[in-house]
């Protein structure tokens with residue numbers, strides 16, 4: 001039996017400035033995962049804003065909060081064709097992620113498609129229908145979507161009984177991925193925003209392009225080769241589009257906070273580079289401003305999709321063994337194993353004592369989108385509603401589901417447990433369902449004690465000292481920006497002065513200098529302005545020197 005690994009212990013194994021790449025490689029090694037470029041590590045800051053862990057930066061410097069740290073292993077770049085993934089373990093992890101998306105309302109679809117997807121999940125988790133084990137209404141004991149209806153549950157059971165018999169878990173998962181890939185919201189990681197008219201919308205980046213969702217409709221879909229530039233200023237996000245016949249469009253949206261807008265911009269930069277470019281050598285540093293000394297600068301640091309596929313084709317090893325955990329018939333969250341199925345594990349121990357290949361796919365309970373969450377009771381500002389008409393779009397509106405797209409409806413506030421040091425990569429969910437309050441209470445016995453927390457977290461607290469609070473960091477960023485502007489200005493003035501002195505005082509007979517000296521404008525400047533200014537400076541210097549000699 002293995003226990004959850006605290007992030008403190010992971011960082012403790014390396015030097016103080018351990019980069020995010022170290023933590024990610026350590027986790028992928030534990031999961032025996034080679035096709036790792038599709039995945040990433042997500043964490044939440046003290047302001048409840050989510051971030052992807054940057055692999056080129058120090059882990060400690062990115063985590064501004066105090067221990068315990070909440071992190072989760074997630075699919076970052078959804079494969080354009082998940083069925084084409086080389087290894088079954090990679091397909092299984094993607095399957096678990098999409099299953100979680102379905103539960104949280106991120107993967108929206110018609111009722112008929114929803115029933116088929118849920119039936120595939122049932123077949124993969126519990127196998128063939130058995131009248132002795134599966135009584136009437138057995139499908140109602142499982143939670144596949146934010147909302148269920150009896151009609152939908154009967155349809156799921158009917159498909160499971162009659163159409164999927166004999167399919168192995170791997171086959172059912174593959175069919176699930178093939179079906180999910182065809183849906184309009186496949187690969188959507190929604191960012192809540194508002195358009196220029198003040199209407200709520202969700203922005204997302206998919207393997208195929210940029211998507212805007214409003215209500216139950218897709219009002220914009222822009223292919224990656226049509227996206228020319230991504231930019232943000234404060235809370236405002238700009239998308240520059242160049243379509244056929246040299247038609248140029250600028251889409252403007254407003255995020256809830258500047259931090260959310262910056263996160264949206266960085267996600268767009270990474271997705272565009274991953275899906276659009278042919279080689280990682282083509283990646284360039286991108287600035288959010290036209291002025292090089294102003295704004296944010298960001299560079300995608302990984303491989304692109306084409307390189308990942310080429311690398312996957314070269315994998316030659318025995319397929320790693322996959323221990324799938326059986327689906328627990330409960331609307332609360334089951335745990336994950338790296339061995340026997342959980343049916344024999346006591347309920348009070350399910351959540352915190354096992355590690356498996358899926359453990360990274362647990363996520364924050366409110367991570368249905370990537371910006372600060374507002375619960376349904378007080379967050380109506382950024383929840384979408386069905387619109388009778390669309391604004392600023394010349395394309396056909398695609399209806400993607402029977403209900404409005406509202407992933408935030410199925411989530412709870414971000415968990416902050418005082419005595420929970422386990423890295424949430426080593427998690428408690430198999431189908432992405434949210435843990436019930438009762439199971440949270442039952443799992444208290446398996447959480448670390450205060451003494452263990454203090455012992456394990458002491459070293460990382462020491463590493464985190466001196467990084468300051470968010471308010472101080474904002475002031476420091478402003479001061480650094482002003483200093484940067486002053487330094488650039490002084491540098492430019494120094495270069496101009498040096499060039500002027502060389503032109504007027506030196507005897508260098510270079511063609512470039514000779515051409516400038518022979519121009520009428522330069523001769524006029526030299527005799528009317530520079531020479532009098534030089535004599536004035538010489539006079540002042542002589543006066544100061546004589547004054548110093550006299551004193």
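Each residue, glycine too, has its Cβ placed from N, Cα and C.
Between the listed ranges 478-504, 505-531, TrEMBL ties the annotation transmembrane segment to 478-504. TrEMBL lists region 'Disordered' for one of the ranges 297-319, 366-388, 389-411, 412-434, namely 366-388. Within the set 253-276, 325-348, the record from TrEMBL flags 325-348 under the feature region 'Disordered'. Residues belonging to the domain 'FERM' (1-279) score a mean pLDDT of 88 in the model.
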